[in-house]
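Visitor: Sharing the features that Swiss-Prot gives for it:
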type	residues	note
BINDING	27-31, His92, Arg126, 177-181, 208-213	ATP binding site
DOMAIN	24-255	domain 'Phosphagen kinase C-terminal'
Amino acid sequence: MSFEKFFNTAVSSWMSQEGPDSDIVLSSRIRLARNIVDFQFPTVFNNEEAQQIVSLFEQTFAHRFYPSVGRFELLKMSELQPIEKRVLVEKHLISPHLAEDSPFGACLLSENEEISIMINEEDHIRIQCLFPGLQLTEALKVANELDDWIEEHVNYAFDEKLGYLTSCPTNVGTGMRASVMMHLPALVLTQQINRIIPAINQLGLVVRGTYGEGSEALGNIFQISNQITLGKSEEDIVEDLKSVVQQLIAQERMARETLVKTLNIQLEDRVFRSYGILANSRVIESKEAAQCLSDVRLGIDLGYIKNISRNILNELMILTQPGFLQQYAGGVLRPEERDVRRAALIRERLKMEERKAMEGDE
């Protein structure tokens with residue numbers, strides 16, 4: 001497979017499209033946890049019940065068309081290769097738990113990959129909407145519309161006092177998790193992030209790494225989400241999160257301005273050194289690649305680097321993960337082989353940008 005063909009089929013819309021404040025906010029996600037009456041929760045149900053739930057969603061929703069997102073395809077975890085499941089995790093379309101610990105798990109995936117509905121994860125279903133930039137309100141609107149569409153066909157486990165019933169008590173109520181992924185290199189470089197994260201936690205929000213709980217903030221990418229689901233409306237939860245995110249955006253922009261004023265030539269040097277590493281390396285580990293990509297993205301946003309899309313960070317942070325590298329290679333790779341393949345893929349992607357720039361100048 002040629003790189004361009006691989007790239008065009010691998011990239012989801014949230015990676016390649018721009019959204020509001022997408023210089024700092026990479027994506028917005030809304031996730032709704034729901035369970036169906038007359039079935040035990042996934043934490044205690046048996047294999048027969050698990051299969052019945054998958055069959056119910058396969059018969060009712062697979063290949064159905066939904067406006068703006070296209071048709072849904074059902075992917076059964078038992079029918080996917082380990083690399084295929086890993087790619088879905090790396091694209092943020094399913095959770096590691098569904099990929100690794102749910103033999104009767106499945107996922108309904110929309111054509112544009114903005115919508116994924118996980119089946120038999122921690123709850124019977126988890127509806128996820130993933131949009132580029134800061135679009136929490138828009139993602140919530142689509143998630144609620146999908147939620148209503150599904151509820152026309154199934155009965156949810158719901159309590160008048162508590163709200164939606166979920167396997168984990170922390171999700172009871174709205175059953176909603178709202179989150180954003182943010183690129184905050186200037187707050188990291190100025191070390192302001194060390195005081196900001198505890199302050200955010202005190203507001204009932206959680207700050208995690210790129211792939212959620214327990215993951216590292218590779219490439220200065222942080223995931224910020226709500227913790228409280230009970231006693232607040234979905235709209236209030238989203239507005240509270242948006243308010244904090246908008247403050248973070250302002251602080252990151254101020255920190256960038258400070259860096260440009262005080263360390264302009266050193267910052268420019270850092271950006272171009274990182275670009276040189278990405279453009280010329282023959283071997284590169286994931287952590288170094290993530291840091292260099294973060295530097296280059298910052299350089300693009302500050303105008304140091306021209307004619308390269310800022311979405312290159314979104315794309316390459318995903319495409320250089322182990323699952324994608326092995327899918328591109330067409331087989332399992334040892335860690336040292338992945339480092340070679342990662343360097344080659346990054347060089348190819350940068351060459352694509354150079355060709356686009358040259359064609360644009362003609």
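Just so you know, glycine gets a Cβ as well, placed from its N, Cα and C.
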Visitor: Out of Arg126, Arg208, which has the highest number of nearby Cβ atoms, where nearby means within 10 Å of its Cβ, if these are the binding-site residues?
Guide: Arg126
Visitor: Test of understanding: give the count of other CB atoms lying within 10 angstroms of the CB of Ser27 (ATP binding site).
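Guide: Result for Ser27 (ATP binding site): 25 neighbouring Cβ atoms inside 10 Å.
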Visitor: Have a look around Ile30 (ATP binding site) and count the other CB atoms within 10 A of its CB, chains all included.
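Guide: Ile30 (ATP binding site) is surrounded by 28 other Cβ atoms within 10 Å.
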Visitor: Taking the Cβ of Ser179 (ATP binding site) as centre, how many other Cβ atoms lie within 10 Å?
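Guide: Result for Ser179 (ATP binding site): 24 neighbouring Cβ atoms inside 10 Å.
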